[in-house]
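Trainee: Quick one: structure below, then a few questions.
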Amino acid sequence: MEDEGEVYDGVRAQFPLSFGKITKSQIPLEVIHNTTRRSLEQSSTSNELPSVSSSSKAWLTDLRRNPKPNSRQSIGPPNPAHKKETSDGTMRDSNLEEEDDDDIIGPPPPPPGLNYDDDDEEEEDGGDMVGPPRPPPSNMEEEEEDGEPDDLYRIPLSNEIVLKGHSKVVAALAVDHTGSRVLSGSYDYTVKMYDFQGMNSRLASFRQIEPSEGHQVRSLSWSPSADRFLCVTGSATAKIYDRDGLTLGEFVKGDMYIRDLKNTKGHISGLTCGEWHPRAKETILTSSEDGSLRIWDVSDFKTQKQVIKPKLARPGRVPVTTCTWDREGKSIAGGVGDGSIQIWNLKPGWGSRPDVHIQKGHEDEITGLTFSNDGRTLLSRSTDCSMKVWDLRQTKEPLKVFVDLPNNYAQTNVAFSPDEQLIFTGTSIEKESSCGGMLYFYDKNKLELVSRVGISPTCSVVRCTWHPKLNQVFATMGDKSQGGTHVLYDPSMSERGALACVARAPRKKSIDDFLAKPVIHNPHALPLFRDQPSRKREREKALKDPVKSHKPELPMSGPGFGGRVGKTKGTMLTQYLLKQGGMIKETWMDEDPREAILKYADVAKKDPKFIAPAYAETQPEPVFAKSDSEEEK
């Protein structure tokens, strides 16, 4: 008996190679990432090359640093002839001398202008050189020293995707610690949830929620365990949601008629910012327009742990525009509407008196505050178009003030890179300016501009963050008509996140996805469950009836004919006859109302119906009141 494999091969040879199921070839990742590649718009430096590919850039750099040719062939016009002194003291061309002696056969000798290394000279003295000449020494050390800023700081900017879906500017952003889920809140009152692991290249959100109807979403923050998140809107109450977007609770609102804010159970005005404790799972911080900061316990939504009232120069209520924790959760920083920055250290017996008070931090409202990992540096962002770097050990003057950073939104923040070598923030669009929303990167140690990255030519950049695990930069943008989140990444440096969803193609619709609804006829069902009878046959019968389907005639536009009266004499025959016969007359305008009533006096006296029979026994003869004119007489 023949082997089964030989039988299969013999049968398969009778069919063409294309017969059977053909597996679809997968698109290479390089092609996918080329579709999301963005043109880099870096800060202009002195020796920076234009935007070209990496191989071309390396070649141009090498050509710039090594202008001498590497081969022995002469390029360009021939070198001038070398003079040789003769016995009589005159100078003569060596080439002419050689021509006189003998004709040159083969390629000319190399020009003496080329200088080789000492090793080459020794080899030439000792014997003929075998093989091609040595390559010139590489300048790897110089290239490392003169490297570009992007290579030094490794900012992931080569590729970009956009998470769309909002109809207004995105003012809140939160990425969980694992980097799998992204939250974006907008001025269109909604929060969209994105899952990188379950999202395909269409980049659609898997859930949309509206925390508070008619209130803007101003802040979002994940818990340390990433199982819940805090949502702060323009209302006076904050909400807690689970990881899937289901509501877990809402904090209470205070009594707006109580003057002392420490005696209220919650905020009495709209919230401005909120952040979860970086270590404790049950503690959050919120700030409000009522001029207070409050620490809440998530396990009990009806009580608050602490009420903080900032120190003010004048008594009154000044809104607290932003708040934040330090990296260990031992200090709280708040930005007040008068431009002051106040910091409280959490310690036994602490109160509302700030430990650090920078009275004139900014000239306008503060929109963002961020602590460094060591807790010694504080970054502040304001609507006065500036960003300041503070040393908390010496707060009289800032270390550096970066100006010309337009800011038109109360949620614009400032952030550190994961290794804290860079500081970056977003800018807003101005009417007179030609540049769009951008990200500015600054060196933390040198306190100088490193790079400018264009995000959108028509929209402002509000929130930004750099995720440490994904190594991807998130930036929210938008205006009055659109909003989205830009994700900047580099396939060679970034991990997961945008890389996972961009390479995942959407599933094609199959015929099995469509299910026709079955039609079940049950003529003996109860009247409650019986289907309504179809009116199709009745409509078809009515269309065949000449009376029911007769189209009504249009009114006459001119004089009537054929028994019909035109518009000038009335649309109906009855009206025409009544008008012509004088039966339709409006005489009530010309008659006296007293005479019109008294003409029925004789009829009422002879045949009384209503009033007279009621008084027939008690008052057979009616008594009328005398006129006023007789009484006056």
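The backbone N, Cα and C atoms fix where each Cβ goes, and this holds for glycine too.
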Trainee: If you check TrEMBL, which stretch out of 314-333, 334-353, 614-633 is marked region 'Disordered'?
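Mentor: Based on what TrEMBL states, region 'Disordered' spans 614-633.
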Trainee: With DSSP, how much of the repeat 'WD' (264-306) is helix, how much strand and how much coil, in residues?
Mentor: 0 helix, 20 strand, 23 coil
Trainee: Grab the same-chain neighbours of the repeat 'WD' (264-306) for me: Cβ-Cβ under 8 Å, and only residues 6 or more beyond its ends, written as numbers and ranges.
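Mentor: Residues 215, 218-219, 221-225, 228-230, 232-238, 240, 249-256, 258, 312, 316-329, 332, 334, 410-411.
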Trainee: Check the repeat 'WD' (359-400) for me and report the mean pLDDT.
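Mentor: Mean model confidence (pLDDT) across the repeat 'WD' (359-400) is 94.
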